[in-house]
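Everything below concerns the one structure shown next.
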Amino acid sequence: MKSLILKDLYNIGHHSRSMLLMLLIFGVIFLPTNGLISYVIMCCVMCSMMIVTTFAFDENAKWTKYAVIMPVSKNQIVLSKFIVLLIFTVIGTLVGSIVGGIGGALIQVFDYARLEDWINLITTSGIGLVIAFFFGSIVIPLLYKYGAEKARVLSLVAFVLPVVACVGLYKVLLTLGFVFSDRLVFTGMMLSPVLVLIWSIFMYKISCKIFGQQEF
Amino acid sequence: MNEYVLEVNDVVKRYLDFTLDKVSFKVPKGSIVGLIGENGAGKSTTINIALDLVRKEQGTVTVLGQEIPNEAHHWKEDVGVVFDGINFHEALTPLEIGKILSSGYKQWDDKVYQNYLAKFQLAQNKRIKDFSKGMKTKLCIAAALSHDPKLLILDEATSGLDPVMRDDMLDVFLDFVQDENHSILMSSHITTDLEKVADYIVLIHQGKIILSQSKDELIYNYGIIRCGAALFEALDKSEILAYRKCDFQWEVLVADKAKFKKQYRDAVIDNASIDDILLLYVKGEQAK
């Protein structure tokens, strides 16, 4: 399985400069206008979406047929994609935090001498990581089912649906008089990595089922 | 000990417009088996089923003594595969491919891989997209041979190579089977290559195995009678394998040319090349 992860890292590594440049440009554009939180989360999501690019590369090279004849199981091939997603998401979190931190300090929206700003940045990075991994794990089964090109379009729907559902639920609860206390929000944030982990295991199982039925 | 590295028995696979119908053949240890047939005959489907890339509906496939599909995937360590066209990403270099595959195969021998890269004159740090088709094929062959496979499966692997490169590759394959534990299953359109290296020929036509014979038997015993209508009518049809009417004569494939030479002294009986045999089976009619 290490070989499959290494393959994706080498492939994306050859395109890393353009990605980094794009994140820097977005930093210049979005940090002053949208703020640090939006920028960090955007970096996490953009990097996690490189998983779609790895599928596109694989399709182009007809790699999956070769991967299946390697001494790895089909489930390991699927698992490698989830691990690569996690690696990309962590890279996005780190780049977003570093560029966001430095850029934020330059435009004075982040004060590196204030502990509160650091806590905010670390919390935002954690939230960004969880959100990006959540979305990425929705996209992987779509990629296995429909291929990279169709999944790109469908992933937009996959992003919008959970967001609309969450916002809808939030509004309904507000209407019903539910109070979102700081304690509740904090508990939700603490639980979110566990919930996303359970969610991604579910997505992994679905992906394995789809991939297991495929012929090459 | 099993004397066959690959056994395909009564394999059936149905598609809407094509059926692989009870395909059976074996690859003995230490031999090269050539799988021939026209485009769409079922060669690649057969190979894909043997590699568990395509699910079969009936029959059994045994690779190195293990029935496929198998939950354990260790048998794949001993099988090297080269498909028609490269399966590696164009942005990668041979050096990176080596690192990727060395993490994938326990038996990977980097020294062997480096030797093949040097032998095939493949630059380690050059991106694959800058390689010619021949160089890409060489890289695939180098990768397939560097994890000490016992069975090498080549699906039209040499079809994109020029005659000189093909000859070099055939030498590599012959070297590989010098070890009696090594075997090759090789599908190819270029039957002259198979005449040079194959020990056995399996002919597949419209999803069915038409013949599975030792190459020497085909080359030395099979013959083509070229005759007029009168002689064709006089021929013992039970001894005929296939025939076709050409412009001015009949071409008749027989399994024992010596016997026919004795029986029909005036007939012109030529040696049959694998190409001739393929053409007569595919384009001619098979005797009942």
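Cβ atoms here come from the backbone N, Cα and C positions, even for glycine.
Predicted automatically and left uncurated, TrEMBL annotations should be read as such.
If you look at the transmembrane segment (A:12-31), the same-chain residues 6 or more away from its ends with a CB under 8 A from one of its CBs are 38-39, 42-43, 46-47, 50, 53-54, 88, 95-96, 99-100, 103-104, 107, 109. TrEMBL lists A:12-31 (among others) with the feature transmembrane segment.
Residues annotated as transmembrane segment in TrEMBL: A:78-106 (among others).
Counting same-chain residues at least six beyond the ends of the transmembrane segment (A:118-144), those with a Cβ under 8 angstroms from any Cβ of the stretch are 36-37, 40-41, 43-45, 47-49, 51-52, 55, 78, 81-82, 85-86, 88-90, 92-93, 96-97, 100-101, 104, 110, 112, 150-151, 154-155, 158-159, 162, 189, 192-193, 196, 199-200, 203-204, 206-207, 210-211, 214. What TrEMBL records for A:118-144 (among others) is transmembrane segment.
According to TrEMBL, the feature transmembrane segment maps to A:156-178 (among others).
Counting residues 6+ beyond its ends, the transmembrane segment (A:184-204) has Cβ neighbours under 8 Å at 78-79, 82, 123, 126-127, 130, 133-134, 137-138, 140-141 in the same chain. Per TrEMBL, the feature transmembrane segment maps to A:184-204 (among others).
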